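Reviewing the structure listed below.
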Amino acid sequence: MLRGKTILLGVTGGIAAYKAAILCSKLVQKGAEVHVIMTESAVRFIAPLTLQTLSRHPVHLDTFDEQNPGAVTHIDLADRADLILIAPATANSLAKLAAGLADDMLSTTLLAATAPIIAAPAMNVHMYEHPATVANMETLGRRGVRFIDPGTGQLACGYVAKGRLAEPEDIVLAAERFFASRTLLAGKRLLVTAGGTVERFDPVRYLTNDSSGKMGFAIAEAARDMGAEVTVVAARTDVPAPGGVELVRVESAEQMLEAVLSRYAEADIVVKAAAVADYRPVERHASKLKKSAATLTLELEKTTDILAELGRRKSGQFLVGFAAETERLAEHAMDKLRRKNCDLIVANDVTMEGAGFGGDTNAVQVFDAAGPALSLPVLGKRETAERVLELVAARLGGAREEAR
Ligand code: PMT
């Protein structure tokens, strides 16, 4: 997986910097071309010569140390990287990256880079849990930076707690998993719905729900990064849509039905993450309703259940539904899976802290026809999306194996 890949290794100033030597060596042994950038503080912990010898390339320390007049080194390094690893990543380096600071070779290169970033934090437990560090990591997570959790154990500062740099083997594994995931859905067409539908009853008033579109967009983004050709049918959302996907804007459940059905035949995988209205106003008034009587009764009628319709018309598509539940999650989710003929259903308890509508995280349980298939803790919506799509890819791979 790492052979021929260009990996930029950013080493920042913590005691765990010595482990960067082992990491660098392992990456090179696996066939990666490794270029190392060290911060001024990292150099206090480990000699650049060590990393130069192991990587077989000069180590970059100073933005202004331009040896090659034919290139601007930090831009060149940023452009060439297939992946950037920051290990160890100190609280300071994460803060700088979150704030967009560019005051040394590493931060300047990171700001210029479009390559994916995996950071392996290492620091004192209180620094790791400080609200500033937590907020910085959340900001970076939203921008697509992945993290390898630090381990728990004896820290250099004397505490026995969380904050130890992940083992170099685990960082290498994360890099390998990252490259492997890039082709998991290659050649597949994935259709995903996102956001909350809007059901109007006059020109300025409507019924909707709390969906922000984040979960559906996270699915779209993760599927795109796994090599799928992605179409998102998005109703009302609060967040910018991901790039590199086909975006179809709709408003109501009826429009979503039409948009999804017209693209269904070409889809290999359909994920229904949108929160779709179950009922819509019977009447849609042409002009703004006037205030008159003390009460107003809105008559509602059922919308078409899009997912159930897709389940009925299934002709080889892999169908993934979502279930937003407030009680008896497994029971309701399994009922929806069967009624709507889904291959998988992703259930979230929307009353749970860190899960459901609006936020950047979710906690889901995935079911198949046989019962529980995957249970995930509170994770970023992007990571949740990746884990769900890994399961989809595994199921599709399994189906291919059986067909042989
Ligand atoms: O958008 P976010 O703020 O990130 O929030 C994410 C989420 C909570 C919206 C998402 O995780 C989620 O749970 N989406 C499904 C919401 C929902 O409508 O759940 P439901 O249990 O009411 O519906 C079950 C399934 O049927 C869903 O896949 C839904 O898209 C589909 N459905 C429902 C009604 C309908 N008329 N047509 C449908 O296709």
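Glycine is no exception: its Cβ is also placed from the backbone N, Cα and C atoms.
Look at C157 (active site, proton donor): DSSP puts it in coil. The feature active site, proton donor is assigned by TrEMBL to C157.
Just so you know, the Cβ of K340 (CTP binding site) picks up 20 other Cβ atoms within 10 Å once every protein chain is counted. Marked as CTP binding site by TrEMBL: D278, K288, F322, K336, K340.
The domain 'Flavoprotein' annotation in TrEMBL covers 5-173. Mean predicted confidence for the domain 'Flavoprotein' (5-173): the pLDDT average there is 95.
Annotation source TrEMBL lists domain 'DNA/pantothenate metabolism flavoprotein C-terminal' at 185-394.
Taken from TrEMBL, the feature region 'Phosphopantothenoylcysteine decarboxylase' applies to 1-189.
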(message) In the three-state scheme derived from DSSP, which category covers F322 (CTP binding site)?
(response) strand
(message) Less than 6 Å between Cβ and the nearest atom of ligand 1 is the rule; apply it to the recorded positions C157, K288, F322.
(response) F322
(request) Report the largest Cα to Cα distance, in Å and rounded to a whole number, among the residues D278, K288, F322, K336, K340 that the record lists as binding CTP. (result) 37
(message) Just to verify a number: CA distance, K340 (CTP binding site) to C157 (active site, proton donor), in angstrom, no decimals.
(response) 55
(request) Using the structure shown, find which entry in C157, D278, K288, K336 (the recorded positions) has the sparsest Cβ neighbourhood within 10 Å. (result) K288
(request) Check each residue in the chain of F322 (CTP binding site) that is at least six apart in sequence and keep those whose C-beta is under 8 Å from its C-beta; list them in sequence order. (result) M215, V271, K272, A273, I345, V346, A347, N348
(request) Can you grab the distance from D278 (CTP binding site) over to C157 (active site, proton donor)? Cα atoms, rounded to a whole Å. (result) 56
